[in-house]
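Chemist: My questions will all concern the structure given below.
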Amino acid sequence: MNAKVIDGKALSAEVLAEVTASVSEIQAQGLATPCLAVVLVGEDPASQVYVRNKLRQCEATGIRSVEHRLAADTSEATLLELLAKMNADPAIHGILVQLPLPAQIDEQKVIAAIDPAKDVDGFHPENMGRLLAGDESVLVPCTPLGCLLMLKHTLGDSLKGKHVVVVGRSNIVGKPAALLTLQQHCTVTIVHSRTQDIEAVCRQADILIVAVGRAEMVGADWVKPGAVVLDVGINRVERDGKAKLVGDVDYAAVASIASAITPVPGGVGPMTIACLLRNTLQAYQQQR
Ligand code: NDP
């Protein structure tokens, strides 16, 4: 079998086009433009790239953005003060604090300080609780939302009843991916670093979502022939003396037996940013 490639770039372009059309309509009505505030603390190079991409996409869709770059030694109190101001500002509809934060700042405290209505990352405990409770109107984390949109696009109604195995149980990817697919009436199993006979569990999956952070860990012997495989992992490796990005899935091997697979790069990654802007628009609409 030669798997169909699930094209994250093409699908994210569709999501962004929908956001752009909605923003134009809002502007045509003379209403305030949706606005995303992005906070970056410190100079982590990967975070700088992520923030730059997010701001660039904002501009492309017509969403207004405000950027706050704070020094690496910024205190927790200063950041919390800035968040309180942005929570109270009706012109700001979405707030994103780029993670990770420097060691002197408690990440959980910062996430909890964002107004849940403006929490476009979907990490606030209230939003996570509402997702767990099955609330379909809540803001949900962007990467698992991107995965869900890809599954809906690939499988349509036949997503229902499928056995999903999620590899990884982080709060930002694994757990919400499991909850979102459960909400779609899938049968869901979560596996992690302590799971016994993990390959055998994964081989039962109709849909395998892999979010681990280990280059090419999932080989063909982990995958049932005909399964749909979403690879969330982003790993920098060196091949033939050159730096390269690879996923958590051995793409060449798994593509030969899966029915559909996401590439890295060009799969889940672009969907994550598109979903951030989709969430910003959703936050705007819910605040109005
Ligand atoms: P975390 O490190 O928070 O979680 C990794 C999970 O993988 C943990 O639950 C861990 O298990 C599990 N794990 C680790 N080793 C193994 C193993 N040998 N076998 C089975 N499970 C294992 O990572 P994230 O969820 O934040 O991210 C995962 C990957 O996705 C990373 O590569 C990250 O860069 C990428 N990512 C990509 C995004 C995108 O836009 N495409 C967005 C976010 C993340 P345990 O809990 O037992 O320790």
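Just so you know, the numbers here start at 1 and follow the chain as drawn.
Cβ atoms are placed via backbone N, Cα and C, with glycine included.
What you are looking at is a predicted structure, and each value in this text was computed from that prediction instead of being measured.
Feature list, courtesy of TrEMBL:
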DOMAIN    6-121  domain 'Tetrahydrofolate dehydrogenase/cyclohydrolase catalytic'
DOMAIN    141-287  domain 'Tetrahydrofolate dehydrogenase/cyclohydrolase NAD(P)-binding'
BINDING   G168, R169, S170, I234  NADP(+) binding site
Chemist: Would you mind giving the whole-number mean pLDDT across the domain 'Tetrahydrofolate dehydrogenase/cyclohydrolase NAD(P)-binding' (141-287)?
Modeler: 98
Chemist: Across the domain 'Tetrahydrofolate dehydrogenase/cyclohydrolase catalytic' (6-121), what are the DSSP residue counts per state (helix, strand, coil)?
Modeler: 61 helix, 19 strand, 36 coil
Chemist: Comparing the binding-site residues G168, R169, S170, I234, which residue's C-beta has the most other C-beta atoms within 10 angstroms in this structure?
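Modeler: Result for the most crowded candidate: G168.
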Chemist: Among G168, R169, S170, I234, recorded NADP(+) binders, what is the largest CA to CA distance in Å?
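Modeler: Farthest Cα pair among residues binding NADP(+): 16 Å.
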Chemist: Going by DSSP, how much of the domain 'Tetrahydrofolate dehydrogenase/cyclohydrolase NAD(P)-binding' (141-287) is helix, how much is strand and how much is coil, in residues?
Modeler: 61 helix, 32 strand, 54 coil
